């Protein structure tokens, strides 16, 4: 059985958190955070596949939280969906500029949000498979090159000896 994808819900308003828990709780492993600072800590510990991130929070807002998540190497490839009532184009663009993969406007349709999250979960899974394949190929490349380098050196050394032998024996005869 394939492991459940993990979602971190970041929102300072408990009612919003409960709504998102009802939408995703039976299909995903969930964790929550009520602030940007808490989200950074929880994301490092929980290692989510997807983060649903509110924009308007006290202290560090969602834009800055997103930037800091993207700057964290272990979390840089996590899918981040901003979920906010801020609907103006410049506010959405600010979210994308901060590093969000998508920007969902509240109020949202639960079916559409679930569909989007499912797509991002599949995409994240495929990217992880590609990353693993790339790592394996790099390792195999290294493992193949090391013995081949030794063989190449041995052949080169053998060729050099062969080239010098006739010249050395010609003066003796």
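Using N, Cα and C of the backbone, Cβ positions are placed for all residues, glycine too.
As recorded in TrEMBL, the features of this protein are as follows:
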type	residues	note
DOMAIN	6-121	domain 'Response regulatory'
MOD_RES	54	4-aspartylphosphate
All-chain count of other Cβ atoms within 10 Å of the residue listed as '4-aspartylphosphate': 27
DSSP-assigned states of the domain 'Response regulatory' (6-121) in counts, ordered helix, strand, coil: 57 helix, 25 strand, 34 coil
